[in-house]
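Here is the structure we will look at, set down as structure tokens.
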């Protein structure tokens, strides 16, 4: 009896710890080698929420696809709508019918290989009637281009489901598994809502290693650069490995396929190598060879210098430019006035020559008319002499000739206005105003000078300020810390 009571007391003492350690506090979504924790959820708080990026999910699934020869859809397009297909571990009986809605289809069972499908048909084994998920109660999601928000009821956590994009001819499928789990005691490194401890924490905390590398980088640049870390998925991370350490020939499981792997035979780290990299398959494997280090892409950028407070303009430069502009305007006005005066005199001389030519042509025309009258008079006299033979033309047995002189062109030439009135010598406006020629030209010159002065006052300070800040706007090149062509 005493042993039973002691056992019962120990059970009640450790029961809260056991229940607290294994009671689920969230739902973990797994795709490829990456996992994403939902916001805290449990039977009392049954809504489990995720905020995901479809491009990152595609990169994670490419590391460990659910089916061989998967035809992936790399460039996600905004015009393609997203659909959700729940899956079940045990395929239910098919009795026909099933739940159907615009953003949700009937549950299907995963079947390889993918063949490509559209959203309104079940892509694998066809629709089933029971069990099914209700779209609003069990699962719902919102989509903004490649950003996805999923809300899943806690009772459905533990079942896999897939996301489908309506793109005929492709299989843009993301196959996701869910299981109840506990939130990690500390925040995951770098990637939010992702449990990467099984890859990044083989020995000492991985975050301290990254901080040590950042500190060494800052010291090497004498704290003149900024270290920028790219918060991306594991598929875009880099690996430094030592080719001097051999990899065991025993079979091992690939854990990560990095986007860049660089050999570093002469690199000395402040700590030991943490992972095992196999150069033959270009992947991080599970063997404990410790010849590599995983790190995210990070780059160096120069520290921007603080510039002095910019003034509106330099007064000396403004007045200097204004004086130069005014001098140029005065010189241009005087030159223009002189050219206008010389042009006026030239037009006057040309007009005099034209009038003299016109008078000469008119006199010649009048003389020609008199000659024509004399010829007509002689013709009439000869016709009277040869009246008996039938006239002069019949007596000569020739065709009669007549003189036709027109006066229209000479009339048009006399009616032409003076050349000075037909040629524009100013701005093409009526600047008469009852003033003399020099007064009109002086008025035009003054208006030109005022317009130039206003233009310099308005645009001069802006142009000078832009010229002063032009050297400080030269961009510095972006240097990557990991350069494939550099010798580490």
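Each residue, glycine too, has its Cβ placed from N, Cα and C.
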Of 443-463, 464-484, the range Swiss-Prot labels transmembrane segment: 443-463
Residue pair residue 393 (disulfide bond), residue 228 (disulfide bond) - Cα distance, angstrom, rounded: 115
Nearest-integer angstrom distance between the alpha carbons (Cα) of residue 225 (disulfide bond) and residue 400 (disulfide bond): 110
DSSP state at residue 400 (disulfide bond), helix/strand/coil: coil
Whole-number mean of pLDDT values that fall within the motif 'CXXC' (225-228): 74
CB contacts for residue 400 (disulfide bond) [other CB atoms within 10 A, all chains]: 11
DSSP-derived class (H/G/I helix, E/B strand, else coil) of residue 393 (disulfide bond): helix
